[in-house]
Amino acid sequence: MSVHVVRHPLVQHKLGVMRQHDISTKNFRELASELARLLTYEATKDLETEPETVQGWSGSVQVERIKGKKVTVVPILRAGLGMLDGVLDMIPGAKVSVIGIYRDEETLDPVRYYVKIAGNIEQRMALILDPMLATGGTLLATIDLLKEAGCRKIKGVFLVAAPEGLERVEKAHPDVEIYLASVDERLNAQGYILPGLGDAGDKIFGTK
Ligand code: URA
C-alpha cells in the first residue's frame with residue numbers, strides 16, 4: 001500500500017483548525033468538506049484522460065477528457081458522509097456506492113447492514129471516504145466487499161489515520177492507496193486516534 005500524506009499548507013492549516021476542541025459544528029463540517037476537495041485533487045491525479053476535439057471560440061481545439069467509467073465514491077457511514085459533498089464538487093459525475101457496516105459488540109465482527117454498489121464496478125476506481133482511519137476494521141471490511149463485487153482499483157481518502165490501522169490495511173491490501181492529511185501518534189484504549197479530532201461523526205452531525 002502506498003500512503004500519501006498531503007502536506008500542502010492549505011491542508012495542514014485546515015486540519016489544525018479542526019483539531020481545536022471548541023470548534024463549532026458548522027466550521028468542522030465546512031472544513032471536512034474543504035479538506036475532502038483538496039485530498040480528492042491529489043487522489044485523482046492518475047486518472048487516465050484521452051484527447052477529444054471540441055469546437056472552441058476560434059475553431060476546433062483538442063482537449064483532454066477523463067476516460068472510461070471513472071469513479072465511484074464510497075462514503076463509510078456515518079462520518080464518511082461529511083466528506084461526500086466536497087468530493088462530488090470535484091467529481092460531479094461520480095456514482096455513489098453506500099456501504100453500511102457496524103461492529104457486533106459481542107463478537108467484534110463487522111456486520112454489513114446496507115450495501116448498494118454502483119454498476120460496472122469492475123470498470124471504476126472506488127474512492128472510499130472516512131474522516132478517521134482508526135483500527136482499520138471497517139475499512140478492511142469495506143475493501144473486502146468492494147473486491148468481492150469485482151472492483152479492481154481502490155483508494156481511500158481520510159483526514160487522519162492511526163499508525164496501527166494503516167499497518168493492518170497495508171498487510172491485508174497492499175494494492176490500496178491511501179491519501180490523508182496526517183498520520184497521528186496512536187490509538188487510545190477506546191480506539192480513538194490521539195491527538196486526533198475526537199468523534200468525527202458527532203462533530204459533523206452535531207450530535208452528543
Ligand atoms: N472514529 C472517530 O470519529 N474518531 C476517532 O478518533 C476514531 C474513530
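Including glycine, each Cβ sits where the backbone N, Cα and C put it.
When the candidates Arg29, Arg37, Arg103 are compared with the 5-phospho-alpha-D-ribose 1-diphosphate site entry in TrEMBL, which names Arg78, Asp130, Pro131, Met132, Leu133, Ala134, Thr135, Gly136, Gly137, Thr138, Asp199, the shared residue is Arg103.
Taken residue by residue with DSSP, Ile193 (uracil binding site) is part of a strand.
Cβ neighbour density within 10 Å is lowest for Asp199 among the binding-site residues Asp130, Asp199. Less than 6 Å separates the Cβ from ligand 1 in the case of Asp199, Ala200, drawn from the binding-site residues Thr138, Asp199, Ala200 in sequence order.
Non-local neighbourhood of Gly198 (uracil binding site): His21, Tyr192, each in the same chain, at least six residues away, with C-beta under 8 Å from its C-beta.
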